[in-house]
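The structure appears below as structure tokens.
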Amino acid sequence: MEETPLLPLLFLASLLSCNAHQAHLTVSPSSSQFFKGSLVTLHCEEDDGSAHSSFSLRRNTSKKLMIQCGDDFGIWSVSSCTISYIYTWDSGVYWCESKEGPISNMVNLTVTGGSVILQSPVLPVMEGDDVTLLCKTKTTPSNLPAAFYKDGSLIRKQPTGHMTIQHVSRSDEGLYKCDISGHGESPSSWITVTDRPATTVLPTSGTPETSQTSLHFDFTLIRYLVVFCPYFISTLIIVSLYQCRGNDPSISEPMSQGIE
Ligand SMILES: *[C@@H]1O[C@H](CO)[C@@H](O)[C@H](O)[C@H]1NC(C)=O
Ligand SMILES: *[C@@H]1O[C@H](CO)[C@@H](O)[C@H](O)[C@H]1NC(C)=O
């Protein structure tokens, strides 16, 4: 009877994962870097499409931790947070929360007082996809030639300020920045590459290398649990019912008699 204490635990775990709401945090305009003074909207989108007034959006910055949109910064309305004039001290990590805690992906935003930004994907990029990075200046409307760096080393010089990485793989993961001659350098941003979701079983390939990828991995795992938990619970109920009958002679005897 080794599995007996395990069953209620498993049952509880699956119940908890069933009740957990999941949401996606998206950023508009879609960029992880902004010029000071930009208008930025962050949106918490519930995965099942239902409305949840109990949502909130929180952030950690270098100055303040766990502060909430609507109370401490920005304007909160219909699951969206609008920051009408973003400052450099708004740089930080943002996420959506329900009463139970964080329920979405985390997003890093970097706000610069300088004149160059790198527009890179806010969300992790899926392995095999193409990714385009754009190096922009604050003052020049047209795209200027730019140099792109990964983990501190120059990787490419592009005449139009765009760089496309085709069929991204894990090795493309890293800290990117760009430089426009005569204008300056952008801040650095992480680009994270995730596995394509497996079609059959839980994704097991690839060891999470950074806290960021492991967070995303946990998120994927929770989503799988949510999908499989109705099946999981009914299996557990059947298994526990079966065990009760097997252990109780008063139940199993009439049953076997009935079969005979
Ligand atoms: C935000 O700060 C709190 C308090 O230090 C910490 O517990 C939490 O893990 C931080 N969250 C993120 C996403 O950095
Ligand atoms: C956010 O930025 C920090 C510091 O650069 C990095 O360690 C972390 O992995 C990033 N997280 C996300 C979700 O991009």
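Keep in mind that glycine also has a Cβ here, set from the backbone N, Cα and C atoms.
Annotation comment: TrEMBL describes 102-194 as domain 'Ig-like'. Per TrEMBL, signal peptide is recorded for 1-20. The annotation transmembrane segment is assigned in TrEMBL to 221-242.
The residues of the domain 'Ig-like' (102-194), classed with DSSP into helix (H, G, I), strand (E, B) and coil, number 3 helix, 50 strand, 40 coil. Each residue in the domain 'Ig-like' (102-194) has a pLDDT score, and their mean in this model is 95.
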